[in-house]
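J.: Found this in TrEMBL, in case it helps:
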- Glu553: L-isoleucyl-5'-AMP binding site (BINDING)
- Lys597: ATP binding site (BINDING)
- Cys888, Cys891, Cys906, Cys909: Zn(2+) binding site (BINDING)
- 28-633: domain 'Aminoacyl-tRNA synthetase class Ia' (DOMAIN)
- 676-831: domain 'Methionyl/Valyl/Leucyl/Isoleucyl-tRNA synthetase anticodon-binding' (DOMAIN)
- 58-68: motif ''HIGH' region' (MOTIF)
- 594-598: motif ''KMSKS' region' (MOTIF)
Amino acid sequence: MVEYKKTLKLPKTNFPMQARLTQREPELLKKWQKENVFEKAIKLRADNEFFLLHDGPPYANGDIHLGTAFNKILKDMINKYYMIKGKYTPYVPGWDCHGLPIEFQALKTLGKNKKEFTVTDIRKMCQEHALKFIDRQRKQFIRLGVFGYWDKPYITMDPKYEAMQIRIFWEMYKKGYIYKGLKPVFWCPSCETALAEAEVEYYDTISPSIFVKFPVFDGRGVLERGDMILIWTTTPWTLISNKGLAVKPDSLYDLIQFQNERILVAKERLKALEGILSTYKVIKTVRGEDLEGIIASNPLFPEKKSIVVTAVFVSMEDGSGIVHVAPGHGPEDYIVGVQKNLEVESLLNDQGVFTKEAQRFEGLFVHDASKAVIEDLERNGLLLFKSEVEHSYPHCWRCKGKLIYRATEQWFASVDAFREEALRATREVRWIPESGLERMSAMISNRADWCISRQRSWGLPIPAFYCEECNVTIVNDETINKVCDMFSKEGSDSWFKKDASQILGDYKCPSCGGKYFRKETDIMDVWFDSGSSHACVLKQREELRWPADMYLEGTDQHRGWFQSSLLTSTAVFGKAPYRSVLTHGFIVDEEGYKMSKSRGNVIAPLEVIEKSGADILRIWVASSDYTGDVAISGRILEQQSDTYRKLRNTIRYMLSLLNDFNPKDSMPPDRWLILDRYIYSEFNDLIQEIDQYFYNYQFYKMLYKVKSFMTIDLSAFYLDVLKDRLYAGFDSERKSAQTVIYRMLKDLLIILCPIISFTSEEAWEYLREIDNTLPESVFFASYPDVLKNLEGVERPVDFDVLLEIRDETKKVLEEARKDKLIGSSLEAHVNIFPKNEKLKDTLLKYKDILPEILIVSQVTIDKMSNSKFSFENDDFGIEVFHAKGEKCERCWQYQESVATSELKICDRCRRVLDELSN
């Protein structure tokens, strides 16, 4: 008996079913590194249009976490998309190296002996720590499959970077945008340094809530001596530095008789205070502006006076409608203090402890002092009411301790001076999502001056000198050039190793001619470091350009890197350093909680890679709608693994169908069979659709569409119905299908390479065994050209109705199978009854391919009869019968011609065998 199986052209490929990503991915990384795939891919497009994504530098401390992994993969997908679209995409990764976390790690290592070490010793340890984690994170990012110039990244502690950053400082300084002044800033007593707004985190906390009476000393004819002015505060310790009482100028204030005292309260607040002021009588009503100039006594220090002033910021939403003013401990207090000539005083040292000027409160830590203040007020009968309130309170981003406002001498960037320019620049940027524009505009509109100085060791020094004789601040072209030259050659450590005379040489004070100087001891805010990267990197490297096409970071960077970059850029260059800004949400667990060790919900990206492979992590990123927070869990990762398996299985099956295919023998489109023309037309519709999703960075929509096409249109339909033609059909029929499968697979691997980079490259290697004219790497290939693809391809019309008929037929076949009328669908004969002429014409046009599409042996187009297994709607009816004839031993179809064949095969198979023998 003939072994017909040997005459079938069955699928065959060495592309493994088991991905073994944890083994295969490192092998591909070695290949990419050995063959310089990224550099070659970049060089291929060197003369083409730019797409420059500027990397927001992660902090060089600790291993990468899911947030940094998500961010880098998202950047990589965008870069690779533009790469295959033919753009020049030089990607330079960066690292942020200065700052408190690294300095504290160094001090922690030094332990109790830290006082024995010099600033340069500490800085050396910080530098070593940063370099260690740059190297560690670099390897981790590479393991994710991220392409970039990993051998020449930018780092903010690089001498040339530091020198350029000083130039940015100088450009802002000489325009009058940078100044030094005494102002209240966020201060961390634990870290002993000032903080910028971007370094502040807000958490709910419980604070004392007290109503305090200020005795009137001089009522200026409006109030009487001994009357009380009522204020409310949640920071009792600030009363120690009280200098004034603010009222709203256009509001009304009532002097009321309460018990045996006369108390001044805003009229609008009396109803809200009924729980405290239960029964009272209004004595008189005055306007806020008429109260200005009244003098009260500080309730803690009767000898110190508190002046009543008017201020528009006074709120009628809470408290008494009168605000106690401590200009040294609040930005609004400071502004009104300057306007009204109130003293700016802060009696706290760097550790947040009150100094001797605070008298009996000396030695108390700031938050402990609140308790002592309340006790003092109670003792003296000046506390009207006390309770507690839960409210949002500023905390340090690093140590999580409570912050205070403290007036100190600091360096500031005057945002007011270029605010309108920054707002204009903001409007010229493409924000993704669009809500980013409103958010950034609001932040720029409302932000205070930027405190750019820090009182630490590990950072870039502020390049200022002070004359020892006249105390003038010296920052000018000559001194800046000396500092920049020194930094570019020796790095910023030289500032701490040399005294002023060694840096300045034979220099004289421009004000008094003095020869002796001291250096500034403050360093720059790390946000000034990273916020200068557009100038220090993009404007300095020949392979890059300014401005960047895109900045891409988490949504918290609206107040961080996006903003600091925008401010330095508009201040110096008059425009934004980026054309577009894309933001993504935070990584959370399935229940919406942020990752935290205390919750036990932390998933480390390296663990995912070691267990499942980087491509699984990349699919997770691509499948996420990052416009909100992004969820991850073991279950979600398993879902992504399932998606990956479906994609891989389809790729593998397509490769297996090409095992004997030579692209040189490709069939021209005008000879393709109808079904092949249909699926290829659909595929090119998909290419156009996902190109739009790519352009809008909607990877989750793109991935969903590709997955649906590969699993439904290909695996469940096209490749399924092709089996008979590919395994048992004529050579020309097979070549028609193989030509289309080859074209689609090639394009699918190119489309998917930004997402599943490793698997696309792996499959590309196997495709190159079929076609060695393909580029050596999938990343050297170009995004599919739909117009070129469809040249000569005539799209079948009215084809979709056949798919509708197919879906309904499958249901009827299943009923027949359950009733044991048939086993395989090839045992079936299907009759279709069209109920309109248009459908009838369509069915007659496609009559020859209907058995193939339905995967049955016979199809007739006729009126309905009396089959037990049927379906009807308004357009058509379907009936299923057992097929006529006998089963072909080769293709398993039922045909009447088998009965007359000695070989027990159908007429089609006999002719195919004749073709094979010839």
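Think of each number as a place in line: the chain as shown, counted from 1.
Including glycine, each Cβ sits where the backbone N, Cα and C put it.
Could you give the neighbours, burial and distances for every feature on this list?
T.: Under the DSSP three-state reduction, Glu553 (L-isoleucyl-5'-AMP binding site) is assigned to strand.
DSSP gives Lys597 (ATP binding site) a coil state; it is part of no helix or strand. The Cβ neighbour count for Lys597 (ATP binding site), using a 10 Å radius over every protein chain in view, is 7.
Annotation for Cys891 (Zn(2+) binding site): spatial neighbours Asp724, Tyr727, Ala728, Ile905, Cys906, Arg908, Cys909, criterion Cβ-Cβ under 8 Å with sequence separation of six or more.
Secondary structure of the motif ''HIGH' region' (58-68) per DSSP (helix as H, G, I; strand as E, B; remaining residues coil): 3 helix, 1 strand, 7 coil.
Summarising model confidence by region, the motif ''KMSKS' region' (594-598) averages a pLDDT of 80.
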J.: Tell me the Cβ contacts of Glu553 (L-isoleucyl-5'-AMP binding site) under 8 Å, same chain only and six or more apart in sequence, or just say none.
T.: Gly56, Asn71, Gly560, Trp561, Phe562, Thr583, His584
J.: Which of the three DSSP-derived classes (helix, strand, coil) applies to Cys891 (Zn(2+) binding site)?
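T.: Where Cys891 (Zn(2+) binding site) sits, the three-state DSSP reduction gives coil.
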J.: Can you count the other CB atoms that lie within 10 A of the CB of Cys909 (Zn(2+) binding site)?
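T.: That number is 25.
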